[in-house]
């Protein structure tokens, strides 16, 4: 059994989350229970609890007992002309009765991997007027630098992301959303002791009077 504890600090607000994952030795299914601090803030409750059943690379089922939200995800991949093609179908809905319940949402995601350095991805939400097309290019022999331009046809806008990995588990990522003029910088570190750390800052370039938004996260993994 594996346990994960995550802490997140955003301005003057701190949140925490914990996950327990159990994989039967005779099966490739994985059972997972995740809870945020909302599950314990006012005594034990179902709020903030998510139950997951998944078979990696095949399907995933998420259930939030408090809101009765359900998410189904099915994925598959195959070789087509020596190119890896991957497809993911995601359907989100709620079992809660009432006229105010949010509408169901269905999304399709596909990717075509040309080689280890080049991949084309496409995502579309059924009922929407557009899609997102992303190209990923990993530069160099070790592919430590990744460049990812993305075009949103619905908003007619570009997003750009550049990630640089370093020896030792460090990585720096910069993203820019042209539609919102939002610039984000992330630094992450993966530790050999089963922990990871992340510090992020985002800047609203459309209103330079706003202070940057700072976020710090830490994740710890344990074997039980």
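For all residues, glycine too, the Cβ spot is worked out from N, Cα and C.
Note that the structure is a prediction, hence the values are computed from the model and not measured.
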Annotated range (Swiss-Prot: transmembrane segment) out of 91-100, 131-140, 141-150: 131-140
Recorded membrane side (Swiss-Prot) equal for residue 116 and residue 153: yes
Surrounding residues of the transmembrane segment (117-126) on its own chain - C-beta under 8 Å, 6+ positions past either end: 105-111, 132-139, 143
Secondary structure tally of the topological domain 'Chloroplast intermembrane' (127-130) (DSSP, helix then strand then coil): 0 helix, 0 strand, 4 coil
